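Enquirer: Provided herewith is a single structure, encoded as structure tokens, for subsequent inquiry.
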């Protein structure tokens with residue numbers, strides 16, 4: 001007996017063990033590499049590539065991040081001088097080679113501009129809820145121009161309003177200022193040292209650029225993107241047509257040249273829809289100047305962004321190489337391109353003629369390949385598939401009906417001649433899919449709501465615990481309900497109906513996504529096209545399987561000819577008339593005892609046709625159990641699984657593997673990477689005042705999208721994996737509800753500001769953050785002990801609170817070891833106000849000590865203003881930002897705050913002194 005069963009064993013049959021093992025292997029084989037790609041940075045090469053020196057780049061990064069260097073600091077000036085020195089040391093061999101033999105053209109010409117002449121007055125609305133402000137800024141940018149072999153040889157840069165001839169150049173940008181609370185390793189130290197290595201690379205023999213390359217070391221990005229704004233006043237801003245920033249397909253395709261591409265259009269659409277509140281220089285280069293480009297940036301961990309952990313200890317040479325290699329690959333593609341895509345007429349007025357461009361779709365595949373195509377292509381393919389796929393399913397259904405093999409939606413078959421009805425039970429399993437999917441999807445959403453109410457910030461440090469909880473809950477519940485439905489109402493059509501429902505649902509989602517892509521230019525739902533394509537093919541296979549079934553008429557005649565009418569069999573069904581004539585009195589009184597011999601529907605009792613004794617053993621009707629058992633075993637030998645419809649024995653037993661491979665891999669690769677990308681970039685946004693429910697809801701939605709390919713097969717799973725996942729769910733649920741959400745590795749970010757009122761000499765320190773953790777942090781600060789801490793929610797940070805107390809006096813006036821904490825107006829600021837007689841105008845002269853940043857606030861809005869000697873650009877109208885020991889209050893907060901607290905800046909400066917004035 002055992003050997004007979006072994007011979008019949010099929011390793012890919014649609015039976016519990018093959019389904020459980022193969023499905024598990026497929027999911028693990030795809031999910032594990034996706035996790036590795038998202039969590040592990042590609043290793044740097046052991047030997048330096050030609051034109052690159054990684055050891056030198058790492059030393060440069062360590063020097064650059066040796067201290068905080070915001071724009072308004074002396075350390076910033078030191079960094080500026082150091083950069084000039086490094087640039088000159090790199091290009092010195094190039095200059096010397098040019099002096100030896102200017103005719104050889106072995107090395108390109110390099111020009112360095114220390115731009116301390118450009119200035120600009122403009123307005124900036126800031127980010128989020130910040131008010132509109134007028135800004136005056138003086139440039140300290142460093143600009144390096146590497147002449148391309150095809151560039152205009154004339155010295156147009158020295159002429160007033162000079163413009164180059166020929167094709168536009170390429171701009172690569174990074175800012176060398178940091179925030180006042182961070183060392184700036186990833187924001188943007190790695191970018192700066194990458195520019196230095198790009199300079200070395202393109203001045204190495206054999207790497208000469210065909211197009212001109214402009215390397216912009218801009219200063220002042222952290223406050224209103226000032227460095228990028230003032231670059232618009234330099235002649236080289238008219239020369240460049242492209243830069244590094246994700247926007248359109250023509251530029252993005254060059255990013256595919258890199259060895260380890262990583263990214264998705266989802267991030268760009270997040271900025272476009274306002275979901276991400278921060279901004280980069282992209283809004284200036286593209287939105288104002290009209291350049292087209294690509295952005296390379298770090299997205300995680302956000303808890304270290306703009307804090308003192310943004311240093312070389314918390315990054316690596318591998319991360320440096322990842323950005324540097326991507327920069328080299330993309331830039332090399334741009335400077336070598338000879339087409340005219342970036343030299344046509346621009347869409348906007350007063351912008352660089354960089355061509356119109358087109359919206360694009362892009363995503364990486366396992367960090368090794370990069371797909372790029374136009375949004376219009378996505379729209380066209382989506383529309384075609386939305387029409388063709390339903391048409392193919394419809395035509396296949398018609399052919400099945402014509403050949404009398406359409407068992408789907410068929411409740412019974414009439415016998416020719418007699419008119420008797422033979423039950424087919426083809427409608428069984430139709431409605432279970434949407435019901436179970438709705439319930440299984442509701443559970444993660446309920447869990448999201450539960451976490452938001454009980455422990456809303458657990459995702460800050462434990463995103464994979466949240467993922468595990470939702471995945472395990474979804475799979476276990478779907479398995480339990482599907483197995484229960486299959487036990488009471490087994491159906492060979494469960495898989496076909498499941499894929500049909502998935503087909504319908506993804507068709508609707510693709511329609512919505514196609515409309516958004518066409519009307520709003522949103523491409524983040526690109527994965528739905530591939531999701532729907534996989535669902536369509538899997539569904540079509542289920543319909544094609546039906547051609548292997550006997551004709552319904554043949555099955556009906558065979559059924560009535562094999563056995564007398566009785567109630568003994570659950571598998572072979574007699575007509576209703578025969579049932580009534582052969583039924584015993586006891587069964588005639590109870591219609592439910594007739595089992596499945598009447599026409600069933602999805603609303604019929606789940607216990608029909610399968611009566612149990614008090615010991616829960618199944619019994620049969622008149623005719624005896626022996627007859628039923630012999631008949632069932634005979635049918636099962638032919639291929640019918642347990643108590644499924646007897647006509648299903650001819651269905652192929654291997655096609656489920658093909659369906660799994662058509663749907664699951666593409667979903668896991670595209671949706672899985674999006675899910676991890678989304679949570680990595682958003683899991684810590686709670687500290688910025690964003691509701692974490694959005695993150696949990698996204699996890700719930702992506703959990704459903706990732707698990708749906710399992711559902712048509714999940715009723716065949718053995719109990720082992722679902723039971724294990726149930727235990728995982730219990731453990732992760734308890735952890736997520738009770739665990740402390742922050743840790744030294746995943747700190748809660750708070751925002752510091754100290755305000756000095758020169759009128760009354762008061763000094764107020766404020767921290768903005770999440771309650772109740774903010775109060776706990778403040779209670780650990782000595783100077784706040786015993787004080788009346790005032791808190792309010794009137795902040796530009798959304799859901800955060802701002803708490804204030806009287807803090808230690810700052811020492812921002814002193815230089816070196818000199819201390820000067822006296823709050824006297826004349827020591828901090830001098831000013832003179834002259835009002836124009838007879839006009840609503842005034843002249844204000846102001847000078848602050850030991851600072852080059854100044855802010856004027858008015859009680860009423862100012863119609864217009866002008867800074868003496870400032871340039872004005874009609875593209876940016878003027879109406880419509882120190883080290884330890886200087887600010888003792890900040891040092892105190894850093895010293896005594898819990899280890900799970902991080903400090904970041906709350907405003908343009910860390911200390912803001914105010915003095916009231918009156919214009920008379």
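Using the three backbone atoms N, Cα and C, a Cβ is placed for every residue, glycine included.
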Enquirer: Among 150, 154, 222, which residue shares the Zn(2+) 2 site with 187, 306 according to Swiss-Prot?
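Expert: Record check against Swiss-Prot: Zn(2+) 2 site with 187, 306, extra candidate from 150, 154, 222 is 222.
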Enquirer: Based on the annotations in Swiss-Prot, which residue of 582, 760 is described as N-linked glycosylation site?
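Expert: The candidate carrying the N-linked glycosylation site note in Swiss-Prot is 760.
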Enquirer: Under the topology that Swiss-Prot records, do residue 650 and residue 780 share one side of the membrane?
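Expert: The record shows them split across the membrane, with topological domain names that differ.
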Enquirer: According to Swiss-Prot, transmembrane segment applies to one of these ranges: 610-630, 631-651, 694-714. Which one is it?
Expert: 694-714
Enquirer: When you put residue 175 (Zn(2+) 1 binding site) at the centre and draw a 10 Å sphere around its Cα, which of the recorded positions 53, 222, 760, 788, 832 have their Cα inside it?
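Expert: Passing the 10 Å Cα cut: 222.
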Enquirer: Per DSSP, what is the residue tally for the topological domain 'Cytoplasmic' (715-720) in helix, strand and coil?
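Expert: Output for the topological domain 'Cytoplasmic' (715-720) reads 1 helix, 0 strand, 5 coil.
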Enquirer: With an 8 Å cut-off on Cβ distance to the 187, 222, 306 Cβ center, who else from the chain surrounds the Zn(2+) 2 site?
Expert: 178, 179, 182, 184, 188, 305, 310
Enquirer: Would you mind listing the long-range same-chain contacts of the transmembrane segment (721-741), meaning Cβ under 8 Å and 6+ residues beyond its ends?
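Expert: For the transmembrane segment (721-741), the list is 20, 24, 447, 450-451, 454-462, 465-466, 468-469, 471-473, 475-476, 479-480, 748, 900.
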Enquirer: Which of the recorded positions 53, 187, 238, 760 has its Cα nearest to the Cα of residue 222 (Zn(2+) 2 binding site)?
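Expert: The smallest Cα gap between residue 222 (Zn(2+) 2 binding site) and any of the recorded positions is with 187.
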Enquirer: Per DSSP, what is the residue tally for the topological domain 'Vacuolar' (681-693) in helix, strand and coil?
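Expert: Helix (H, G, I), strand (E, B), coil: 7 helix, 0 strand, 6 coil.
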Enquirer: Mind checking which residues reach the topological domain 'Vacuolar' (517-520)? Cβ under 8 Å, same chain, six or more beyond either end.
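Expert: Answer is 375, 378-379, 382.
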Enquirer: Taking just the CA atoms, what is the gap between residue 53 (N-linked glycosylation site) and residue 187 (Zn(2+) 1 binding site) in Å?
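Expert: One finds 21 Å between the Cα atoms of these residues.
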